[in-house]
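Record features, source TrEMBL:
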COMPBIAS  29-51  compositional bias 'Basic and acidic residues'
COMPBIAS  67-78  compositional bias 'Basic and acidic residues'
REGION    1-51  region 'Disordered'
REGION    60-79  region 'Disordered'
Amino acid sequence: MHGFTPEHWAAMSPRERARASNRASRARRTPEQIEKSRASSKAWRDKRSPELIERARASRKAWLAKRTPEQAERDKQTQKRYFARRMETAAGREARNACLRKYYHRMKADADWREKRNARRRIGTASTQRVSENLARALGQNELHSAAARAAPKRLPRWVRDDVIADMVLAVLEGQARVDELTPQSEAFVSRHYREYETFDLRSIDEKDETGRTLADTLTEQHLPW
C-alpha cells in the first residue's frame, strides 16, 4: 500500500500512515494543482512576519546544535526499537488472524457436514414415516386388526401394545378367542405378554403410552400412601 509492504504498513503508526498517504497524494497531483499549492503556500508565508520566521529558524538551529552525538544515536536506537515492537505486534496480529481463519474454515466445514447429515436424516425419517403410514393404513382396513387395536389398552407403550394386538389377532385366527371377547380379555393378553417376555420391571411415571399420556397423569389421591 502506497509502496510499502503489508508487514511494514502494519508496523507503522497512524501518524506515519497519514504522512505516507499524503506523500502519495502529492505525487499524484497534476502540474496545475502543484502550482496552485505553491501559490497558496507562498501567500501564507508572505503573511508571516520576518521576525517570526527568523525566530523559528534560530530555535531549530539551536536545538540541533545542543544535540550531542550520543543523544542522536540514542534517539535513533529508540526509533529502531519502536519499529521492532511494531513489527512484532504486526506478526502476532497476523498469527492470530491466521488461527482465526483456520478456526472459521473448520467451523464452516463442520456446519456443512451437519447440514448434509441432517438432510440425510430427514430423508430417512420421511421414508420410514411413509412406510409406517402405509402399513397402518393397510392394517386399518382389516376389521380383525381394527377390533384388536380398539381392545388393546392404550396406556401401554407402543412396542408392548403392538405385541398385544398381534397376540389378539393370532388368538382369533387360531380359534382361541372371539372378536367380541377381545375387550373383556385384554388384561389377560397383557399379563400373558409380560409373563412370556418377563418384562415386570419398574416403569417410569414419565413414560408415555400410545395416547401420549404418562403414568403420572393417571395417578389420583387414591394412589397416595397417606
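Note that Cβ sites are derived from N, Cα and C of the backbone, with glycine treated the same way.
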Positions on the same chain near the compositional bias 'Basic and acidic residues' (29-51), where near means CB under 8 A and six or more residues out: none
Residue counts (helix, strand, coil, in that order) that DSSP gives for the compositional bias 'Basic and acidic residues' (67-78): 10 helix, 0 strand, 2 coil
Tally of DSSP helical, extended and coil residues in the compositional bias 'Basic and acidic residues' (29-51): 19 helix, 0 strand, 4 coil
